[in-house]
Ligand code: SF4
Ligand code: SF4
């Protein structure tokens, strides 16, 4: 090593210069809940169970999504539509319960592809948020079904 | 001493104590902020506006933690350790001149808590006591990692105190006085010691890093080898006091460096400013108040430098540390004394001969 190298001081000054440059640089941080990183348009996020144009649930509880699911995250029980419930369920058979376990789900989107009724989709703007309890990750119909259009409640 | 001066001294000492505590508290905040900025992050920003309440949250957390004393520890000494560290750290700021003299009515107030004529010796004496805090705490924990950390701290501090003292002698040769106030007064205007003692300052700076156990010399607490070093077994506010003492030490060492080498409260053109006022008392007071601001600006610059270095350099190896201290800094400091002595002789020869 030359004398100037062995004194370390030039190298230290150089290092200080580098850190000082970073000090004034634009920060990489995204303040998560307030800001979000922009996502791809085909981002596969949280599931939603769609309604049709009349506000009736599209799912007919055929179970194809559960069969397609590689992680076995979907369970459901089927029921028969009663008279007078036509505005609630589009088909004669509907899902009484429908649960997706978000801890098992790998967000592959195969359920979305398997569905013959275009009932289940993965949203591109919502994530399954962090929670304190494991059972809170099992999303039932209350959290999966798309809310009714506001035009109807008006 | 009449009662006005006595009361004033009391208030002043309390104020200095409060200010050093406040600065130490907010040093933790700025340490985290500076670390974050250097690493392209934003740092704590949730507690209060811009995270300004973060130190309070940290202190609150420390208070609520479990007060744990290991079963085989020496209880008295275990509690005494952080107490000594904290006490010693808080004692040192007493002799630092934070400003010149304020004149109010008939009385003039010196902005220094106690103007002892051995100020710099006092600081050295008290700072060396600080090593007892670490040593006692590390030994009393009855844990080999703590003990190793404490031994490292002790040997490091003693080694670097030598070079620090030797580099200081050159300053004392220039000033001819041990009183910090006299040293500060001699650097009036822009006549700072750094222009005469660049090498001495460099040695002092490196030793200051080692004395305060800061990176790159934070071997007493090097996590990879020693878990937490001497404070491995400490928790709750006892740990807080150790960490706090470190920040107060940084503040004091910054103040000492500013006083010894960077002209304390002096700033360029202060005489012109003083003479610009018709009323000499008013002029004096304006310059003094500005001087206090300048002093604190210098201190903050040093504190920033300490943190800046911490987030830039990696830690030394222990043998490198000892080699640097004994084989390089001490001979350099002696050389510096010789050079200074030669310089003074030459100066006298040409001005008087
Ligand atoms: S996204 Fe994939 S893993 Fe998740 S429920 Fe659908 S099919 Fe199963
Ligand atoms: S979501 Fe689609 S695939 Fe799954 S049960 Fe309902 S209709 Fe069938």
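The backbone N, Cα and C atoms fix where each Cβ goes, and this holds for glycine too.
All TrEMBL annotations are machine predictions without curation.
As a whole-number mean, the pLDDT of the domain '4Fe-4S ferredoxin-type' (A:50-79) in this prediction is 90. The annotation domain '4Fe-4S ferredoxin-type' is assigned in TrEMBL to A:50-79 (among others).
According to TrEMBL, the feature [4Fe-4S] cluster 1 binding site maps to A:59, A:62, A:65, A:115. The Cβ of residue A:59 ([4Fe-4S] cluster 1 binding site) lies under 8 Å from the Cβ of A:49, A:94, A:95, A:98, A:115, A:117, A:119, A:120, each on the same chain and at least six residues away in sequence.
Residues annotated as [4Fe-4S] cluster 2 binding site in TrEMBL: A:69, A:105, A:108, A:111. Of all Cβ atoms in the protein chains displayed, 20 besides its own lie within 10 Å of the Cβ of residue A:69 ([4Fe-4S] cluster 2 binding site).
As annotated by TrEMBL, domain '4Fe-4S ferredoxin-type' applies to A:96-125 (among others). Same-chain residues lying 6+ beyond the ends of the domain '4Fe-4S ferredoxin-type' (A:96-125) with a Cβ under 8 Å from its Cβ atoms: 39-50, 57-62, 64-79, 90, 134, 137-141, 144.
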Residue among binding-site residues A:62, A:105, A:108, A:111, A:115 with least C-beta crowding, 10 angstrom cut-off: A:108
CB-centroid shell, 8 A cutoff, [4Fe-4S] cluster 1 site A:59, A:62, A:65, A:115, site residues removed: A:60, A:61, A:63, A:64, A:111, A:114, A:116, A:117, A:119, A:120
Residues close to [4Fe-4S] cluster 2 site centre defined by A:69, A:105, A:108, A:111, Cβ within 8 Å: A:65, A:68, A:70, A:71, A:73, A:74, A:100, A:106, A:107, A:109, A:110
Those binding-site residues in A:59, A:62, A:115 whose CB falls under 6 A of ligand 1, listed in sequence order: none
In sequence order, those binding-site residues of A:59, A:69, A:105, A:108 whose CB lies under 6 Å from ligand 2: A:59
